[in-house]
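Chemist: Sequence annotations record features per position, and here Swiss-Prot assigns topological domain 'Periplasmic' to 1-12, 59-68, 114-120, 173-369. The transmembrane segment annotation in Swiss-Prot covers 13-33, 38-58, 69-89, 93-113, 121-141, 152-172, 370-390, 407-427, 431-451, 459-479, 482-502 and rests on sequence analysis. If you look up Swiss-Prot, you'll see 34-37, 142-151, 391-406, 452-458, 503-655 marked as topological domain 'Cytoplasmic'.
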């Protein structure tokens, strides 16, 4: 496909984006808004943002959800801006500095919350800054400006949603159904690989791909949930399927690891059975029926616990999969599965990374303030706004540097494009609403195509062009003002990029160590006799951490294997029949405290000391298990865990 080619699948969204822009423009001028530009800009960003993220037309519900987050972020930012202005109106410089800190604080929060919800906090940060900067000439108009800004943004969001509904957004349901079938086949093929006990790298690639696909399916579930309330039953089933899919991965990998030391546990009966190739979900269904008969014939005692657990999870997966595809009423058997264990939320391992983002945003905003005050440039305020926008939105993404470059390219492209609209098109179309709408629809259409291709600078060009062309009421054409605005955007993006380069983010290794120690803590916390604690479902949270580890350290197989081993240890110890007595219970609490100290230790020396203490406590614990005559189902996984921690203690303690 050529650089300027237009694919058929890109046309519908391009028309949708053009419609959203035209609707916002028409409504803005019809209701005599002072700056319809904000409504048009909001409609464009809300519609184009999900398309840029998806690399194509977004699924149904994505635009509505993004609009909802934008409304929340705008209202939080407006309220924060009003509070700051009321409290510090007599000290303008302090007021702006507090706003810079507020923007940094919002970026810090957005780095810790779920990525899909972080948009609202990033927006809240720079909205307050926009209000404080804009009202500098006339502070008494602050409430009016805040109300107008909220109104214009709500109008833009409504227009984007109307355009989305008008062009019948595509549903993600069929993709979910296909992925459920394909994922089950892949799970069976992983178990075949693990029972064959072949090349470790092939197995690593297979389970790594399944972790990514299961995480992607969870993302699809979120999209389906946003799409319509009629998928509520499917959403409940998919949430349980996520845990079942992770359970299947865990049991398969444990089957592989067991054969490293005790290959005789997997009998020839099961090896021959899993030799049969499968291609479709129907093949898997037939094999599972046969496998259940084999287990009934051999007996539970003669079946390896990992295979028995795998078959049980695969059977439940199949049952819920049929319910998702048909979206029928949840029956009693399904309800029993869905009333599973409560999921545990873990503390973010990226706190240091979030603090780096706080300083990047705060320092870049303060730098913009100093630049504005030192130069006295009329568009210094515009540069400050762009600094806040770039840093607030870039920090929450995996590669902030590339986001800043995208904004720089976009603002550079917006200069000639905006010049064409400012000098030629808008002056010749302002007398006709129809011609004005057509001219902006053409802009939205072609940039909408480029946004779907994820062309570098396309998203920034769309927002920056709309921001600098004259869409005020009434329209005034001052070339110096246009040039100042365009140059202010470019300077702001360059300053933000400079701060991102100067304030290095060296938190990657620390985050990796914290993640690995959290896996250790989870494995240790599984050693408990507390019934409520044993029923807690840690699996989704553990695999979420594993997915983060895979993204932070792509290709680092030793780290992935260590993390997976800790997850397997957690699952095995969680189900182990640990003797119930006060002596062991007290020691469980002591080991959990020590594991927490390992995670929270701020220096390598303290971390090594606490980790050494944890290893000593594990030795004492194994002795206590022998005294209390614990069965092999308890002593063996504890011994394996202690051995793993001894082997990898340097990787788990050194920065």
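Just so it is clear, glycine is given a Cβ too, placed from its N, Cα and C backbone atoms.
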Chemist: Grab the same-chain neighbours of the transmembrane segment (152-172) for me: Cβ-Cβ under 8 Å, and only residues 6 or more beyond its ends, written as numbers and ranges.
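Modeler: Hits for the transmembrane segment (152-172): 12-13, 15-17, 19-20, 23-24, 27-28, 31, 33, 35-36, 38-43, 46-47, 57-61, 63-64, 67, 70-71, 74, 220, 223-224, 227.
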Chemist: Any contact between the transmembrane segment (370-390) and the transmembrane segment (38-58)? By contact I mean 3+ C-beta pairs closer than 8 Å, pairs at least 6 apart along the chain.
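Modeler: Result for the transmembrane segment (370-390) with the transmembrane segment (38-58) is no.
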Chemist: Can you work out the mean pLDDT of the predicted model over the topological domain 'Periplasmic' (114-120)?
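Modeler: Value for the topological domain 'Periplasmic' (114-120), mean pLDDT as a whole number: 77.
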Chemist: For the transmembrane segment (121-141), name the stretch out of 69-89, 93-113, 431-451, 482-502 with the most CB-CB pairs under 8 Å.
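Modeler: Per the Cβ count, the answer is 69-89.
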Chemist: Apart from its near flanks, which chain residues at least 6 from the ends of the topological domain 'Cytoplasmic' (142-151) lie with a Cβ under 8 angstroms of it?
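Modeler: For the topological domain 'Cytoplasmic' (142-151), the nonlocal Cβ contacts are 33-35, 38, 74-75, 78, 81-82, 85, 127, 130-131, 134-135.
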Chemist: Short question: most Cβ pairs under 8 Å with the transmembrane segment (38-58), which of 69-89, 93-113, 431-451?
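Modeler: Checked against 69-89, 93-113, 431-451; highest Cβ contact count belongs to 431-451.
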Chemist: Please figure out which one of 69-89, 93-113, 431-451 racks up the most CB pairs under 8 Å against the transmembrane segment (13-33).
Modeler: 431-451
Chemist: Are there residues at least 6 beyond the ends of the transmembrane segment (93-113) whose Cβ is under 8 Å from a Cβ of it, and what are they?
Modeler: 80-81, 84-85, 119-122, 124-126, 128-129, 132-133, 348, 350-351, 353-355, 357-362, 365-366, 369, 373, 388, 391-392, 395-396
